[in-house]
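Step one of this worksheet: look at the structure below.
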There are 2 protein chains.
Amino acid sequence: MDLKTIGEFGLIERLKAGAIVVPDKVIMGIGDDAAVLKGEGGYLTLASTDMLVEDIHFTLATATAREIGYKTMAVNVSDIAAMGGIPEQALVSLGLRPEQPVDFVDELYAGLRECGQRFGVNIIGGDTVSSPRAMVINLAILGRVEEGACLYRSGARPGDVLLVTGDLGGSAAGLDTLLSPRPAPPEAVAFARERHFRPTPRVTEIRAALPAGGITAADDISDGLVAEIYTLAQASGVGIILEAAAVPIAPATRQLAAIYQKDPLDYALYGGEDFELLLTCRPDKVAAVQEAIARACQTPVTPIGNVVPATEGITIIIDGKRLPLNPGGYNHFQ
Amino acid sequence: MDLKTIGEFGLIERLKAGAIVVPDKVIMGIGDDAAVLKGEGGYLTLASTDMLVEDIHFTLATATAREIGYKTMAVNVSDIAAMGGIPEQALVSLGLRPEQPVDFVDELYAGLRECGQRFGVNIIGGDTVSSPRAMVINLAILGRVEEGACLYRSGARPGDVLLVTGDLGGSAAGLDTLLSPRPAPPEAVAFARERHFRPTPRVTEIRAALPAGGITAADDISDGLVAEIYTLAQASGVGIILEAAAVPIAPATRQLAAIYQKDPLDYALYGGEDFELLLTCRPDKVAAVQEAIARACQTPVTPIGNVVPATEGITIIIDGKRLPLNPGGYNHFQ
């Protein structure tokens, strides 16, 4: 049996066994956006890591060193946001080709620092090694969240409303403009590429929303909305009804979908890498959450569905019909 | 200018600038074996990371998956030991070929867990991605150390005695037996390969030694004794006199040096990857440190030189002559 057969998620299940040998401080190990440890002064410690490999997660043909650096930090900050937390410290490992110019690394670090500064994340350490065949960047991030405020994927309950921040599909549209450039309105291309290269992890949004109360679960959308809906539903033991017509898609994303002859909903549901937050919220608190976020920033928060009992399954309403939601999204090794 | 020209250490200096944006909790950022953060309950938090790349740090031609896993954890635990700390939590990122068998990953994790269990380290999270061209493993480790007990590279003072745990050069001899097998006593080969694949991070030793007092600085020997002497001397602003005759080398390492027509001192001084601890200690405390470690375990602790003022430089006494110590050791990118 090889990794292609078992897939990323099958592998993760195997890796959990026996991983915790001293459980005292561990509240959550493998299995959410970040690990959760007992912390200090009323806070829990959050820890997460992400590895980006050349020509799998980025390519030098389309991304600058600065963009790669920025996105690496953003992806990790997003994991902390998905727990309701404040990102704080990062460790950066770089595997670089010996012949890479120093300028390249300076720019990569400038991108890491730019995003780090924006979200208050220090780079406190790292490792720098030779990797002749493919560049690799690994970031490990630490953060904190108030005890009792930590958001897990497993907290959704039937009756909750499904919310999403921002809009979806922009990153996937941006990737299309990079991989096969076609004549397109420059503003639409710029919008989508910004979404692709410089996603905004939703720290401000979730931190503003928490005091309103009522948020029961959170996950960040890295592998696509549908993949994260499945992840959240399975972790919570619930079903989901997704309203296709409610999924927020930016006009620029729709424009590009038309040019690339794709369904904009495909971008939004299966594209991935939007790094928006998927939230579940008690129905009586939705308005308060939306208002709290609106007071803090411009990011919209849109109800896109409902949490239902697990027996109802995971479905989508399109054109008034309720259909099984086709799973999908990006699965490493497949 | 490329990375080969600037080298690993030139690069690290460039990366430090602007890395800390919220200094409140950061006691030590980039520049020691681990970062040091303010912690809880009288403890500081330690954080470190190491990346291992296929055919640079290990090769599947000579190492089993289990050995690679064990060593990855050991190398990281050693960074925590070098700060005087207790390792606690690990995040593991794996970049794997899609066609790698699941058994391989199971064994890799078994090695990580075996070493983790030995030193009380939980695997609390990770990332698993596709890396078709070269396997990559990154581990980030968290630990803790009592406030006031944390050992930095910068604490050595003239008059201190230079100590080393265990014996040196075994890992390099083991690598020779793997890369170019020659007829050799099986016990010697087994000894050296054990040193190479399953180094013992010196947690027990340093934790036993700390209460004795008098240890002023510590560094773990990953890049070779000489390289670490230079690192420690430069960080502390001191000179060092190394006594060649005092450097502990195991009989098996000497046997293999003879077979491979190498100077055993070369293995010990420049071989690297022994993961022993290089310590400096106030002279009146050396005996107490040795006794404390002897009570806890079998590991010898050997005085191998003295700390002197920086103006005396970094020298080695060989055959009664004091000579400049030739720098060297492994430098990534060169």
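In case you wondered, yes, glycine gets a Cβ from its N, Cα and C as well.
Any TrEMBL annotation is an automated prediction that lacks curation.
Per TrEMBL, the candidate among B:ASP167, B:ASP176, B:ASP220, B:ASP223 that belongs to the Mg(2+) 3 site alongside B:ASP33, B:ASP79 is B:ASP220.
Of all the binding-site residues in the list B:ASP79, B:ARG153, B:ASP220, B:SER222, the shortest Cα-Cα distance to B:ASP127 (Mg(2+) 1 binding site) is found for B:ASP79. Break the domain 'PurM-like N-terminal' (B:31-145) down by DSSP state and the numbers are 35 helix, 48 strand, 32 coil. B:GLY126 (ATP binding site) and B:ASP220 (Mg(2+) 3 binding site) are 25 Å apart (CA-CA, integer value). Less than 8 angstroms from the CB of B:THR49 (Mg(2+) 1 binding site) sit B:ASN76, B:ASN138, B:LEU139, B:ALA140, B:ILE141, each of them six or more residues away in the same chain. Reduced to three states, the DSSP call for B:ARG153 (ATP binding site) is helix.
Checking each of the binding-site residues B:ASP33, B:ASP50, B:ASP79 against B:ARG153 (ATP binding site) by C-alpha distance, the shortest gap belongs to B:ASP33. Taking Cβ-Cβ distances under 8 Å and a sequence separation of 6 or more, the neighbours of B:ASP50 (Mg(2+) 1 binding site) in its chain are B:THR72, B:VAL75, B:ASN76, B:ASP79, B:ASN138, B:LEU139.
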